[in-house]
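K.L.:
According to TrEMBL, the protein has these features:
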- 1-384: domain 'Major facilitator superfamily (MFS) profile' (DOMAIN)
- 391-423: region 'Disordered' (REGION)
- 24-43: transmembrane segment (TRANSMEM)
- 49-73: transmembrane segment (TRANSMEM)
- 85-104: transmembrane segment (TRANSMEM)
- 116-136: transmembrane segment (TRANSMEM)
- 172-193: transmembrane segment (TRANSMEM)
- 221-242: transmembrane segment (TRANSMEM)
- 254-274: transmembrane segment (TRANSMEM)
- 280-309: transmembrane segment (TRANSMEM)
- 321-340: transmembrane segment (TRANSMEM)
- 360-381: transmembrane segment (TRANSMEM)
């Protein structure tokens, strides 16, 4: 319910964020998820459908923030500052997730009732709402580039025209497919990696077989801690590498994403292959793969902000989130489990065969990461062209007739000629 509502509402908030006050949209999002979280703590078991409905409302609130907040940062900062601020923004996603587990567990131990965890967090969300209203400005779209009217891309078009423009923006298309590959693998790992690690310890004789579910509690805790730690380190590493490397290479951002995904694919493959023989090496390689995956989040957001005109950035964020989840982590846990069950069906019923079936189903994830790396390589081929198009006057949702294409080409050629030093 949460994921479904997030997917459906992300394009809606993207559309609204491109046309109305983004500060108001963010405030509505905070009110939605804090109000839904607080009210869900008072729902009795006989009204369980209301609890699921509240989870959907929380998903809607989350969609508003994940869609609109990066576009506000894109209009407040530019170049190196933007990269650093996006890194800080994405660092707090794993930090917040980890603190949520810690706070929820602490409140449960103190009160003996899980409902109080849903009554504490709205206090923090109320503070966030006050800080948002008092401290955060609502800059004009394109303000950071100091070309508000030029960067807006002409008269306001419809949502369909925005989507049509984004469909011809190949840097956006290829980077979205790369993000989808990342989401596919992170979704599969988050669901199945603790079970895989538990079964690996059983095969190595480090853990007795489990006869009653849940079995992988310790491995879930360890993998969760690894995810938080590598998430923080990866975002910082990716953003800093992008900031430094793009001074020498204007295509640095997609190249960093491509290299990190290809290296993560190799780490995941080696972790799977070595798991039956060397458990510790498998753990280390899996953590390294998680680190490399996390290098992409801030960098991908920077790519989107640089290749899409400011007037369409909210719609672009919403579509990227929706496509990434629908084709990525929404189905990858099920597909991984389906492949594992299919492979296991024709084998003897044993812990070793269960482990090997899950290991082989995970190999698909390494292949998907390699495809994602290829998508970012294709992004690098188009990046400079789409960045120039986003900066050019009159681009955006306007129909691209032959005359406008010729005019844009002539203008870009003239800019390049004027920038060339005379001999």
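Note that Cβ sites are derived from N, Cα and C of the backbone, with glycine treated the same way.
Nobody curates TrEMBL annotations by hand; they come from automatic prediction.
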K.L.:
Among the recorded stretches 49-73, 85-104, 172-193, 280-309, which has the greatest number of Cβ pairs closer than 8 Å to the transmembrane segment (221-242)?
P.N.:
280-309
K.L.:
The transmembrane segment (254-274) and the transmembrane segment (321-340): do they have three or more Cβ pairs under 8 Å, with pairs 6 or more apart in sequence?
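P.N.:
With fewer than 3 qualifying Cβ pairs, these stretches do not touch.
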K.L.:
Would you call the transmembrane segment (172-193) and the transmembrane segment (280-309) in contact, using three or more Cβ pairs under 8 Å, pairs 6 or more apart in sequence?
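P.N.:
Counting Cβ pairs under 8 Å (6 or more apart in sequence), the transmembrane segment (172-193) reaches the transmembrane segment (280-309), since there are 3 or more.
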K.L.:
Look over the recorded stretches 49-73, 254-274, 360-381 and say which has the most C-beta pairs under 8 A to the transmembrane segment (85-104).
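P.N.:
So the stretch in question is 49-73.
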K.L.:
Taking all residues of the domain 'Major facilitator superfamily (MFS) profile' (1-384) together, what is their mean pLDDT?
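P.N.:
Overall, the domain 'Major facilitator superfamily (MFS) profile' (1-384) comes to a mean pLDDT of 85.
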K.L.:
So which residues does the transmembrane segment (49-73) touch in its own chain, when a touch means Cβ under 8 Å and the partner is 6 or more beyond its ends?
P.N.:
1-7, 9-10, 12-14, 17, 22-23, 25-26, 28-37, 39-40, 43, 82, 85-86, 89, 136, 138-139, 141, 301, 304-305, 310, 313-314, 317-318, 321
